[in-house]
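Novice: Sharing a structure, written as structure tokens. Questions coming.
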Amino acid sequence: QLDPENTGFIGVETFASLVHSHELPLDPAKLDMLVALAQGNDEGQVCYQELVDLISSKRSSSFKRAIANGQRALPRDVLLDETGLGIYKRFVRYVAYEILPCEMDRRWYFYQHRTCPPPVFMAAVTLTQIIVFLCYGARLNKWVLQTYHPEYMKSPLVYHPGHRARAWRFLTYMFMHVGLEQLGFNALLQLMIGVPLEMVHGILRISFLYLAGVLAGSLTVSITDMRAPLVGGSGGVYALCSAHLANVVMNWAGMRCPYKLLRMVLALVCMSSEVGRAVWLRFSPPLPASGPQPSFMAHLAGAIVGISMGLTILRSYEESLQDQCGWWVLLLSYGTFL
């Protein structure tokens, strides 16, 4: 009745009166987004297909383009100004501002976020690493620099270029750590950066990025530091961290996380210090007679994976990777390296 010519559009005022007169049970947040989208076109009209997409929790291609081009103004204050939120919703809002550079993306993620599935991958990896460390600490009666115990390197989890035939070691070395300091550093970064990333981008993307960094670490050690063993999840951790930091730099103006410059500097200092410590332990170990110490090349390989492949993954929030040419180029490059 309101669209006799079957154009698929009606005026925003007509739509507002329709919602009011029929008391339609629509999500107010989705209505705000629909009205904001209507304000972005010249005629100020509501599109029927965009209404259907929005109600079915999808964003049409035109909706994504409108977000990318910033063609419309927000109909109300930014998400950060909302009050009366519970603890969990405040945490979700914090994650949105930590990870996403666009206000409409933040609000979309905030209202569409579901507690299921939870970010189980990073939590499971961190918990497994802690359990393995405690088991070896109790078994060897050593908690600092466990690699200096002669029995430590006999573990079936440690990777060494001489054990390339045991293919599981290319990945399982991420559960072993040099000592308490390296474990604490990796666990802290995995929980502080990995969990929010997994909440926004999902378990498949983040687990792929993490494991790609781990695998790149062991392969890089195989060709650059052949006499050194390898332990620790630094390859995966540095893939996540470098991807996130690169994403922040690329979208610096849109990021609204507090003290972002100070936090960026602190993160770079901490990561550089960890690399320096690994280099020092590799070439100037406190106990030279204990044999070759773990390599530091996994840190660098993970960072390269994060800046290249990881940046593409994190910049593609809610977009299919398979539709992007750059993603296939990076995947082919990684496959060639593999």
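Yeah, the Cβs are placed from backbone N, Cα and C, and that goes for glycine too.
Copying in the features that TrEMBL gives for the protein in this structure:
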ACT_SITE  S234  active site, nucleophile
ACT_SITE  H299  active site
DOMAIN    166-315  domain 'Peptidase S54 rhomboid'
TRANSMEM  120-139  transmembrane segment
TRANSMEM  170-191  transmembrane segment
TRANSMEM  203-223  transmembrane segment
TRANSMEM  235-254  transmembrane segment
TRANSMEM  261-283  transmembrane segment
TRANSMEM  295-314  transmembrane segment
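Buried or exposed, and what's around them? Tell me for each listed feature.
Specialist: Contacts of S234 (active site, nucleophile) defined by a Cβ separation under 8 A and a same-chain sequence distance of 6+ are given as Q182, N186, G217, E274, A278, A298, H299, G302, in order along the sequence.
Long-range contacts of the transmembrane segment (170-191) within the same chain, counting only residues at least 6 positions beyond its ends with a Cβ under 8 Å from a Cβ of the stretch, are 122-123, 125-126, 128-130, 132-133, 136, 143-147, 155-159, 211, 214-215, 218-219, 230-237, 240-241, 270, 274, 277, 281, 294.
Tertiary neighbourhood of the transmembrane segment (203-223): same-chain residues 117, 119-122, 125, 159, 161, 164, 169-171, 173-174, 194, 197, 230, 233-240, 243, 295, 297-302, 304-306, 309-310, 313, 321, 334, 337-338, selected by CB-CB distance under 8 Å and a gap of 6+ residues from either end.
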Novice: I'm checking region-level scores; what's the whole-number mean pLDDT for the domain 'Peptidase S54 rhomboid' (166-315)?
Specialist: 88
Novice: Near H299 (active site), how many other Cβ atoms are within 10 Å of its Cβ?
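Specialist: The answer is 24.
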Novice: Going by DSSP assignments with H, G and I as helix and E and B as strand, what are the residue counts for the domain 'Peptidase S54 rhomboid' (166-315)?
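Specialist: Counts, helix then strand then coil: 113 helix, 1 strand, 36 coil.
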